[in-house]
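Feature annotations, courtesy of TrEMBL:
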DOMAIN    6-120  domain 'Tetrahydrofolate dehydrogenase/cyclohydrolase catalytic'
DOMAIN    139-281  domain 'Tetrahydrofolate dehydrogenase/cyclohydrolase NAD(P)-binding'
BINDING   165, 166, 167, 231  NADP(+) binding site
Ligand SMILES: Nc1nc(=O)c2c([nH]1)NC[C@@H]1CN(c3ccc(C(=O)N[C@@H](CCC(=O)O)C(=O)O)cc3)C=[N+]21
(Lines of atoms letter the chains of each structure in order from A; the text may use other names.)
(Lines give C-alpha, C1' and ligand atoms only; values in the text may rest on other atoms or scores of the structure.)
Protein backbone atom coordinates (compact mmCIF):
# COMPACT_ATOMS: atom_id res chain seq x y z
CA UNK A 1 0.00 0.00 0.00
CA UNK A 2 1.22 3.47 -0.80
CA UNK A 3 -0.19 6.50 0.96
CA UNK A 4 -2.16 9.22 -0.78
CA UNK A 5 -0.11 12.42 -0.89
CA UNK A 6 -1.90 15.40 0.61
CA UNK A 7 -0.79 18.19 -1.73
CA UNK A 8 -0.59 21.34 0.40
CA UNK A 9 0.76 23.42 -2.43
CA UNK A 10 -2.22 22.62 -4.64
CA UNK A 11 -4.75 23.10 -1.85
CA UNK A 12 -3.16 26.44 -0.96
CA UNK A 13 -3.58 27.56 -4.61
CA UNK A 14 -7.26 26.56 -4.55
CA UNK A 15 -7.85 28.50 -1.35
CA UNK A 16 -6.10 31.53 -2.84
CA UNK A 17 -8.41 31.46 -5.89
CA UNK A 18 -11.40 31.37 -3.57
CA UNK A 19 -10.14 34.45 -1.71
CA UNK A 20 -10.39 36.65 -4.81
CA UNK A 21 -14.04 37.57 -4.18
CA UNK A 22 -13.33 38.69 -0.65
CA UNK A 23 -10.31 40.71 -1.74
CA UNK A 24 -12.34 42.40 -4.49
CA UNK A 25 -15.20 43.23 -2.12
CA UNK A 26 -12.71 44.99 0.14
CA UNK A 27 -11.14 46.83 -2.78
CA UNK A 28 -14.54 48.16 -3.81
CA UNK A 29 -14.59 49.80 -0.41
CA UNK A 30 -11.07 51.13 -0.96
CA UNK A 31 -9.55 48.73 1.52
CA UNK A 32 -6.46 46.77 0.60
CA UNK A 33 -5.56 44.22 3.29
CA UNK A 34 -2.05 44.96 4.53
CA UNK A 35 0.49 42.92 6.47
CA UNK A 36 3.68 44.20 8.03
CA UNK A 37 6.34 41.62 8.80
CA UNK A 38 9.09 42.51 11.24
CA UNK A 39 12.35 40.63 11.00
CA UNK A 40 15.03 41.21 13.60
CA UNK A 41 18.54 39.89 12.96
CA UNK A 42 20.02 38.38 9.84
CA UNK A 43 19.11 34.70 9.93
CA UNK A 44 19.28 33.77 6.21
CA UNK A 45 16.52 31.11 6.43
CA UNK A 46 14.14 33.65 7.99
CA UNK A 47 14.95 36.15 5.26
CA UNK A 48 14.07 33.73 2.47
CA UNK A 49 10.89 32.72 4.19
CA UNK A 50 9.79 36.30 4.91
CA UNK A 51 10.35 37.16 1.22
CA UNK A 52 8.11 34.21 0.24
CA UNK A 53 5.33 35.54 2.41
CA UNK A 54 5.65 39.05 1.02
CA UNK A 55 5.60 37.75 -2.58
CA UNK A 56 2.46 35.74 -1.98
CA UNK A 57 0.69 38.82 -0.67
CA UNK A 58 1.85 41.05 -3.50
CA UNK A 59 0.79 38.54 -6.18
CA UNK A 60 -2.76 38.68 -4.88
CA UNK A 61 -2.78 42.47 -4.87
CA UNK A 62 -2.50 42.81 -1.11
CA UNK A 63 -0.10 45.14 0.64
CA UNK A 64 2.82 43.74 2.48
CA UNK A 65 5.97 45.26 3.78
CA UNK A 66 8.98 43.74 5.45
CA UNK A 67 10.84 45.76 8.03
CA UNK A 68 14.29 44.46 8.77
CA UNK A 69 16.24 45.49 11.84
CA UNK A 70 19.68 44.58 13.17
CA UNK A 71 19.92 42.04 15.99
CA UNK A 72 21.09 44.92 18.20
CA UNK A 73 17.63 46.57 18.10
CA UNK A 74 16.42 47.31 21.62
CA UNK A 75 13.21 45.86 22.96
CA UNK A 76 11.93 49.36 23.60
CA UNK A 77 12.54 50.50 20.02
CA UNK A 78 10.85 47.38 18.66
CA UNK A 79 7.83 47.81 20.91
CA UNK A 80 7.58 51.50 19.98
CA UNK A 81 7.49 50.56 16.31
CA UNK A 82 4.82 47.92 16.99
CA UNK A 83 2.68 50.51 18.79
CA UNK A 84 2.96 52.80 15.75
CA UNK A 85 1.79 49.94 13.51
CA UNK A 86 -1.06 49.21 15.94
CA UNK A 87 -2.27 52.76 15.28
CA UNK A 88 -1.77 52.68 11.49
CA UNK A 89 -5.15 52.02 9.83
CA UNK A 90 -3.51 50.78 6.59
CA UNK A 91 -1.92 47.90 8.53
CA UNK A 92 -4.36 45.06 9.25
CA UNK A 93 -1.87 42.42 10.32
CA UNK A 94 1.46 42.53 12.17
CA UNK A 95 3.78 39.54 12.23
CA UNK A 96 7.02 39.47 14.19
CA UNK A 97 9.13 36.66 12.80
CA UNK A 98 10.19 34.16 15.45
CA UNK A 99 12.56 33.25 16.91
CA UNK A 100 13.76 36.67 18.05
CA UNK A 101 17.36 37.30 19.13
CA UNK A 102 17.88 36.14 22.72
CA UNK A 103 18.20 39.65 24.15
CA UNK A 104 14.56 40.36 23.26
CA UNK A 105 11.69 39.00 25.34
CA UNK A 106 9.46 37.39 22.71
CA UNK A 107 6.44 37.27 25.02
CA UNK A 108 6.68 40.95 25.77
CA UNK A 109 7.10 41.81 22.10
CA UNK A 110 4.17 39.64 20.95
CA UNK A 111 1.94 41.05 23.67
CA UNK A 112 2.65 44.55 22.40
CA UNK A 113 0.87 43.67 19.14
CA UNK A 114 -2.78 44.65 19.23
CA UNK A 115 -4.76 41.36 19.45
CA UNK A 116 -6.94 42.61 16.55
CA UNK A 117 -3.81 42.73 14.34
CA UNK A 118 -2.15 39.57 15.65
CA UNK A 119 -2.69 37.48 12.51
CA UNK A 120 -0.32 34.78 13.84
CA UNK A 121 -2.72 34.23 16.77
CA UNK A 122 0.23 34.20 19.19
CA UNK A 123 -0.90 36.97 21.58
CA UNK A 124 -1.84 35.62 25.00
CA UNK A 125 -5.40 36.98 24.55
CA UNK A 126 -5.75 35.15 21.28
CA UNK A 127 -4.36 31.95 22.79
CA UNK A 128 -6.92 32.25 25.59
CA UNK A 129 -9.71 33.04 23.13
CA UNK A 130 -8.90 29.89 21.18
CA UNK A 131 -8.71 27.81 24.32
CA UNK A 132 -12.14 28.95 25.45
CA UNK A 133 -13.67 28.26 22.04
CA UNK A 134 -14.04 31.87 20.89
CA UNK A 135 -11.05 32.33 18.61
CA UNK A 136 -10.23 35.68 17.03
CA UNK A 137 -7.30 34.39 14.94
CA UNK A 138 -6.45 30.71 14.65
CA UNK A 139 -2.66 30.17 14.43
CA UNK A 140 -1.81 29.67 10.76
CA UNK A 141 -0.08 26.28 10.86
CA UNK A 142 -2.72 24.36 12.84
CA UNK A 143 -5.41 26.23 10.90
CA UNK A 144 -3.84 25.04 7.65
CA UNK A 145 -3.65 21.47 8.94
CA UNK A 146 -7.38 21.55 9.73
CA UNK A 147 -8.06 22.69 6.15
CA UNK A 148 -5.97 19.78 4.85
CA UNK A 149 -7.93 17.30 6.97
CA UNK A 150 -11.16 18.88 5.74
CA UNK A 151 -10.06 18.55 2.12
CA UNK A 152 -9.39 14.86 2.71
CA UNK A 153 -12.85 14.40 4.29
CA UNK A 154 -11.25 12.92 7.38
CA UNK A 155 -13.82 11.98 10.03
CA UNK A 156 -12.56 13.73 13.15
CA UNK A 157 -15.48 12.93 15.43
CA UNK A 158 -14.47 10.01 17.59
CA UNK A 159 -11.07 9.71 15.91
CA UNK A 160 -7.90 9.06 17.89
CA UNK A 161 -5.56 11.99 17.25
CA UNK A 162 -2.00 12.12 18.51
CA UNK A 163 0.01 15.34 18.39
CA UNK A 164 3.75 15.15 19.03
CA UNK A 165 5.00 18.52 20.22
CA UNK A 166 3.37 20.89 22.67
CA UNK A 167 4.52 24.33 21.52
CA UNK A 168 2.28 27.37 21.84
CA UNK A 169 2.45 27.98 18.10
CA UNK A 170 1.72 24.49 16.77
CA UNK A 171 1.18 21.58 19.18
CA UNK A 172 -1.15 23.17 21.72
CA UNK A 173 -3.46 25.01 19.32
CA UNK A 174 -3.45 21.93 17.05
CA UNK A 175 -4.66 19.76 19.92
CA UNK A 176 -7.40 22.27 20.79
CA UNK A 177 -8.70 22.40 17.21
CA UNK A 178 -8.74 18.61 16.88
CA UNK A 179 -10.50 18.32 20.22
CA UNK A 180 -13.09 20.90 19.21
CA UNK A 181 -13.74 18.86 16.07
CA UNK A 182 -14.55 15.84 18.21
CA UNK A 183 -11.31 13.89 18.22
CA UNK A 184 -9.85 12.23 21.30
CA UNK A 185 -6.47 13.93 21.55
CA UNK A 186 -3.19 12.83 23.09
CA UNK A 187 -0.32 15.33 23.26
CA UNK A 188 3.10 13.69 23.40
CA UNK A 189 6.37 15.41 24.17
CA UNK A 190 10.07 14.62 24.36
CA UNK A 191 9.58 12.91 27.74
CA UNK A 192 6.78 10.61 26.60
CA UNK A 193 7.50 6.99 27.51
CA UNK A 194 7.03 4.53 24.67
CA UNK A 195 6.10 7.10 22.05
CA UNK A 196 5.37 4.36 19.50
CA UNK A 197 2.65 2.90 21.74
CA UNK A 198 0.82 6.22 21.39
CA UNK A 199 1.51 6.87 17.72
CA UNK A 200 0.45 3.35 16.69
CA UNK A 201 -3.04 4.08 18.05
CA UNK A 202 -3.41 7.29 16.07
CA UNK A 203 -5.93 7.60 13.25
CA UNK A 204 -4.51 11.08 12.81
CA UNK A 205 -0.88 11.75 13.67
CA UNK A 206 0.49 15.30 13.69
CA UNK A 207 4.24 15.62 14.14
CA UNK A 208 5.72 18.98 15.15
CA UNK A 209 8.97 18.34 16.95
CA UNK A 210 11.72 19.82 14.80
CA UNK A 211 13.54 16.49 14.90
CA UNK A 212 14.11 15.32 11.33
CA UNK A 213 12.84 11.86 10.48
CA UNK A 214 11.92 11.00 14.08
CA UNK A 215 8.67 9.22 13.17
CA UNK A 216 9.26 6.09 11.11
CA UNK A 217 6.83 3.78 9.32
CA UNK A 218 6.89 1.18 12.10
CA UNK A 219 5.38 3.78 14.49
CA UNK A 220 2.35 4.43 12.29
CA UNK A 221 -1.05 2.72 12.37
CA UNK A 222 -1.82 1.25 8.94
CA UNK A 223 -4.09 3.64 7.04
CA UNK A 224 -3.50 6.60 9.39
CA UNK A 225 -3.44 10.22 8.24
CA UNK A 226 0.06 11.58 8.88
CA UNK A 227 0.67 15.33 9.00
CA UNK A 228 4.31 16.39 9.00
CA UNK A 229 4.81 19.92 10.34
CA UNK A 230 8.62 19.67 10.38
CA UNK A 231 10.67 22.02 8.24
CA UNK A 232 14.27 21.09 8.98
CA UNK A 233 16.89 22.36 6.61
CA UNK A 234 19.67 19.82 6.21
CA UNK A 235 23.34 20.54 5.62
CA UNK A 236 22.65 19.89 1.92
CA UNK A 237 20.18 22.80 1.95
CA UNK A 238 17.20 20.49 1.41
CA UNK A 239 14.08 20.61 3.56
CA UNK A 240 13.34 17.51 5.60
CA UNK A 241 10.25 16.73 7.63
CA UNK A 242 9.91 15.23 11.11
CA UNK A 243 8.55 12.06 9.48
CA UNK A 244 10.71 9.59 7.58
CA UNK A 245 8.74 9.78 4.37
CA UNK A 246 10.28 6.72 2.69
CA UNK A 247 9.06 4.29 5.36
CA UNK A 248 5.91 6.20 6.40
CA UNK A 249 4.38 6.25 2.93
CA UNK A 250 4.19 2.44 2.90
CA UNK A 251 2.05 2.36 6.04
CA UNK A 252 0.00 5.58 6.18
CA UNK A 253 -3.29 6.03 4.35
CA UNK A 254 -2.42 9.63 3.53
CA UNK A 255 0.62 11.77 4.26
CA UNK A 256 1.79 15.35 3.75
CA UNK A 257 5.09 15.83 1.93
CA UNK A 258 7.88 18.24 2.93
CA UNK A 259 8.22 20.55 1.10
CA UNK A 260 4.82 21.11 -0.49
CA UNK A 261 2.71 20.10 2.48
CA UNK A 262 1.99 22.12 5.60
CA UNK A 263 4.35 25.01 4.71
CA UNK A 264 2.33 26.49 1.83
CA UNK A 265 -0.84 26.06 3.91
CA UNK A 266 0.68 28.15 6.72
CA UNK A 267 1.24 31.01 4.31
CA UNK A 268 -2.24 30.86 2.81
CA UNK A 269 -3.86 30.88 6.24
CA UNK A 270 -1.85 34.00 7.03
CA UNK A 271 -3.57 35.53 4.01
CA UNK A 272 -6.94 34.37 5.30
CA UNK A 273 -6.30 35.88 8.73
CA UNK A 274 -5.12 39.18 7.25
CA UNK A 275 -8.16 39.43 4.98
CA UNK A 276 -10.38 38.65 7.95
CA UNK A 277 -8.67 41.37 9.99
CA UNK A 278 -9.40 43.85 7.20
CA UNK A 279 -13.04 42.71 6.89
CA UNK A 280 -13.58 43.34 10.57
CA UNK A 281 -12.77 47.01 9.96
CA UNK A 282 -15.69 47.37 7.54
N1 LIG B 1 5.79 34.87 13.71
C2 LIG B 1 6.03 33.78 12.98
N3 LIG B 1 5.02 33.19 12.30
C4 LIG B 1 5.26 32.08 11.53
O5 LIG B 1 4.31 31.55 10.90
C6 LIG B 1 6.59 31.56 11.45
C7 LIG B 1 7.59 32.22 12.17
N8 LIG B 1 7.29 33.31 12.94
N9 LIG B 1 8.87 31.79 12.13
C10 LIG B 1 9.27 30.71 11.25
C11 LIG B 1 8.16 29.73 11.02
C12 LIG B 1 8.37 28.85 9.82
N13 LIG B 1 7.23 29.05 8.96
C14 LIG B 1 7.12 28.56 7.65
C15 LIG B 1 6.00 28.71 6.88
C16 LIG B 1 5.94 28.28 5.58
C17 LIG B 1 7.01 27.64 5.00
C18 LIG B 1 6.94 27.19 3.58
O19 LIG B 1 6.23 27.74 2.78
N20 LIG B 1 7.65 26.12 3.22
C21 LIG B 1 7.66 25.60 1.86
C22 LIG B 1 9.04 25.56 1.26
C23 LIG B 1 9.90 26.75 1.46
C24 LIG B 1 11.33 26.48 1.11
O25 LIG B 1 11.60 25.72 0.15
O26 LIG B 1 12.18 27.02 1.78
C27 LIG B 1 7.16 24.17 1.88
O28 LIG B 1 7.18 23.56 2.96
O29 LIG B 1 6.81 23.68 0.83
C30 LIG B 1 8.15 27.45 5.74
C31 LIG B 1 8.19 27.90 7.05
C32 LIG B 1 6.43 30.01 9.54
N33 LIG B 1 6.92 30.44 10.70
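Each residue's number is its place along the chain shown, starting with 1.
Including glycine, each Cβ sits where the backbone N, Cα and C put it.
The shown structure was predicted, so the numbers you read here are calculated from the model rather than taken from an experiment.
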Inquiry  = Does any of 165, 166, 167, 231 have a Cβ within less than 6 Å of an atom of ligand 1? These are the binding-site residues; tell me which, or none.
reply    = 231
Message = For a quick check of packing: other C-beta atoms within 10 Å of the C-beta of residue 166 (NADP(+) binding site), how many?
response = 16
Request  = Could you tell me which of these binding-site residues, 165, 167, 231, has the fewest other Cβ atoms within 10 Å of its Cβ?
outcome  = 167
Inquiry  = Taking only the residues in the domain 'Tetrahydrofolate dehydrogenase/cyclohydrolase catalytic' (6-120), give me the average pLDDT of this model.
reply    = 96
DSSP state at residue 166 (NADP(+) binding site), helix/strand/coil = coil
Ask   = Under a three-state reduction of DSSP output, how is residue 231 (NADP(+) binding site) classified: helix, strand, or coil?
value = coil
Note = Between the two most distant Cα atoms of the NADP(+)-binding residues 165, 166, 167, 231, the distance in Å is 16
